[in-house]
Each structure stands twice: as C-alpha cells, then as structure tokens.
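Okay, so here's the structure we're looking at.
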Amino acid sequence: MLGIARRRLGSGCALGQLMQALRPAAAAAAARTYSAAAKEMTVREALNSALDEEMSADPSVFLMGEEVGEYQGAYKISKGLLDKYGPDRVLDTPITEAGFTGIGVGAAYQGLRPVVEFMTFNFSMQAIDHIINSAAKSNYMSAGQINVPIVFRGPNGAAAGVGAQHSQCYAAWYAHVPGLKVLTPYSAEDARGLLKAAIRDPDPVVFLENELLYGESFPVSAEVLDSSFCLPIGKAKIEQEGKDVTITAFSKMVGYALQAAEILSKEGISAEVINLRSIRPLDRATINASVRKTNRLVTLEEGFPQHGVGAEICMSVVEDSFEYLDAPVERIAGADVPMPYAANLERMAVPQVEDIVRAAKRACYRAVPMAATA
C-alpha cells in the first residue's frame, strides 16, 4: 500500500492532486426520518458494509491493525475484506500501536486513506503522540497545505468485566484536541453513515464504537442501505421528540436514554432524546433549540464526570440559552473512579436507566431559586 503512494509521488503528482478523489459527504438534516425499514442490520454489519463499499469505491482506502486480516478482526468487523481486497489493503500488524499508527499517519501524508483499527481505544494511548502531535496538528502547522485523511476506529468505553484498562471512555479526551473530529455512533444507521463520512473526510477522525453494540440489530431503510448514503459530521439526531425535558446522549447511552424516556412517558413526563452522533464538532444549535423548547436539560455520558462532554454541553447552554432554563442542569456520568472488575461494582460505575429517570424527575420538579432569577 505504501508502495502505491511512492509510485504516485514518483510520477510527479502533487499531494493536492492525490486528494482530488475526495467525495463530499452528503448534506442532510439534523433529524432524519425515513420510510418503513427495509431490513434489520447489526452495528457490526453496518460497519463492515461501510468499509467494504468505501474500499471498493476508492483504491486509496485501506485497513490496518491487529488481527484485521486473517482473523477478520477481533470483533469480525473486517469479515471477508482480506479475501476481497488482499493483503496490500487489509494489513495485519504487529502488536505495536505506536508503530502501525505512525505508519498510518505517514500513509495519509502521502494521500492514502488509512483506517486504523485499535482492538480497544484504551490501547490508543500507546499511539497518542502520532494521533495528537502528527495527525491532529499537521494541517494547522502546514498552513493548510497538508491534509491527513485518516480514521482511528475501534471499541470505546465499558464492555463487560474487562477491567479498568479496557473500559475507559475517550470521547472527552479526543474532543479536547483541535484538528480532530470525534464521532460516536449508536445505531446501525449511525455506524454506516458516519463511518462513510469519516473515511471521506480530509481530516483525522476518531471513530468511537462500542463493543456491546456490535451485535445489536436496528431497523434500516432502503436509503440507508444505498451505497451513496452518508451522514453529515457535526449533526445530532433527535431520536424522540418531547416537550418537558431534553436528554443528550451518545453511543450506548442513547439506548438507555430512550428506555428512560419510555418510563417517564408513563408518568406524564415527555422527554426529548438527542443522539449527539458527533462530539467534535458538537451540534450546539440542535441542543440549544431543544432546551429552549423544553426548558430543562439532562446530559448523559459513561465517561468520567470532571471536564467531560456533559460539562461542555452545559456550558454551551449557559452561554446561549441560560434564560430559558427553568431548573438547574442535571449531569449524569460514570463514577469518578477507574472501572471496577467485579460485575456488581461495574454496574454501579456506569449510568443506568434508573439514574436517568431520577435525574429527569429532579429537573422537572425543581425550579431555579428566586434569588437566581432576581
């Protein structure tokens, strides 16, 4: 694969010419609705099909990582790709995240489009220098002359009984960095449309999946199954409309928020659930528009509470919609401790549906103190 880049450069092609194959992501509304579902698709199948279609459409796209080839991926996301595209485009690497991530960034410098898979995003810490100091900063440091079209993808956050070193959520970590885009799919539609957008994007994208979602099935429409389907980066989706309280969530927590909303509806509380999809850039407009309608906000994430995604959302609402709030913002996050290994303690460290229900009720039944409104 790297030889392709060398031959291209050797033929006198400028890096800018190599980037001409970039296909813009299709523009779409923040809240998309589709006709009746054409079929059910798992998140695993959605990711696999997106990779397959993008590799078929663009020969500069390739996949690299530990066990992505012969083993077809630790979670079988790359099933069938080695047989179809060969070892030049589906590269099994040694167990050295720093090594193969650096190779991927170098390939992106030369106009290729690497998709780098981490077996878990916890292992991306081994490659943090290449992700932050090389991939994220090169466009700025080159005054826009160098694009780095690379995707870093893999499971992020808590799974089931894998301990503190395999369970951390890195959404807030990477969202802190200028030059990176951070995507967090929930459904099969999200996974398929956002991965296509990430691969086509001219900038580095951190694509945070969830191990527990890989096997979950979601209804998808014929439009989602079309090879041209692509979701816009930076646009949230309103999964459920409501009028009493806004709940923001991403990745697996979206499902929890929807379950909580169903419980709340039986008690007369109408919750609006926003699937963030994109953490950086953050769809502040959709969030603030919802809060201006419901006048209450609950933020939900499984990462650590301090300096988290919820804190950023809260600040956005304070800056743009403070006068619309009828109650203090409720923030739900994981426990401020490394993830326990024991199943009972692990459950206590991750937000649960009942936590969301309680927070939404607090938001609905509390009011801003009179002193604060004076």
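Just so it is clear, glycine is given a Cβ too, placed from its N, Cα and C backbone atoms.
Remember, it's a predicted structure, so these values are computed and weren't measured experimentally.
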Subject >> Additional site residue, Ile146, Ile150, Ile263 [criterion: listed by Swiss-Prot with Ala198, Ile199, Asp201 for K(+)] >> reply: Ile150
Subject >> Neighbouring C-beta atoms (10 Å sphere around the C-beta of Ala198 (K(+) binding site)) >> reply: 29
Subject >> DSSP state at Glu97 (thiamine diphosphate binding site), helix/strand/coil >> reply: helix
Original post:
At the Cα level, what's the spacing in Å between Ile199 (K(+) binding site) and Glu97 (thiamine diphosphate binding site), rounded?
Top reply: 20
**OP:** Give the sequence-ordered set of same-chain residues, not counting Ile150, Ala198, Ile199, Asp201, with Cβ within 8 Å of the centre of the Cβ atoms defining the K(+) site.
**Re:** Arg113, Val115, Pro149, Val151, Ala197, Arg200, Asp203, Pro204, Val205, Phe207
**OP:** Restricting to the same chain and to sequence separations of six or more, state which residues have a Cβ under 8 Å from that of Ile150 (K(+) binding site).
**Re:** Gly104, Val105, Ala107, Ala108, Arg113, Pro114, Val115, Val116, Ala135, Pro204, Val205
Original post:
How big is the Cα-to-Cα gap, in Å, between Glu97 (thiamine diphosphate binding site) and Asp201 (K(+) binding site)?
Top reply: 23
